[in-house]
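Remarks on the structure that follows.
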């Protein structure tokens, strides 16, 4: 069950980072380049390490759908896309609230594409 806790923790970190970006995007927090960089770095790092947290035998006890193990290459490619898109954001860091909003649309679409297929509904 260690894998389940680890991957859920990583996913919560990504969620927290998306929340930090959303607060800037919505104008609830002022634009802060360091906060944006930190949030997107967490998303990039965790997305790249994420597929390793799903070894055979860790299929139960979480919101991870069995489809992950049935279509592992697709799952890995979706995680890789999130990591690559986060790296693109880091390479050209958004300079203002509008840039953060645009970055969130891309990253959020990546999150949704994976969750739709690979996360069980609660």
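Backbone N, Cα and C define each Cβ position, glycine as well.
If you look up Swiss-Prot, you'll see 11, 111, 114, 115 marked as heme c binding site. In this structure, residue 114 (heme c binding site) is part of a helix by DSSP. Counting only same-chain residues at least 6 apart in sequence, those with a Cβ under 8 Å from the Cβ of residue 114 (heme c binding site) are 75, 78, 79, 82.
Within the same chain, residues at least 6 positions away in sequence whose Cβ sits under 8 Å from that of residue 11 (heme c binding site) are 46, 50. According to Swiss-Prot, the heme binding site annotation covers 11, 111, 114, 115.
For residue 115 (heme c binding site), other Cβ atoms within 10 Å of its Cβ number 15. Sequence-distant contacts (6 or more apart, same chain, Cβ under 8 Å) of residue 111 (heme c binding site) comprise 14, 18, 82. Using the Cβ center of 11, 111, 114, 115 for heme c, the list of other same-chain residues with Cβ within 8 Å runs, in sequence order, 14, 82, 110, 112, 118, 119.
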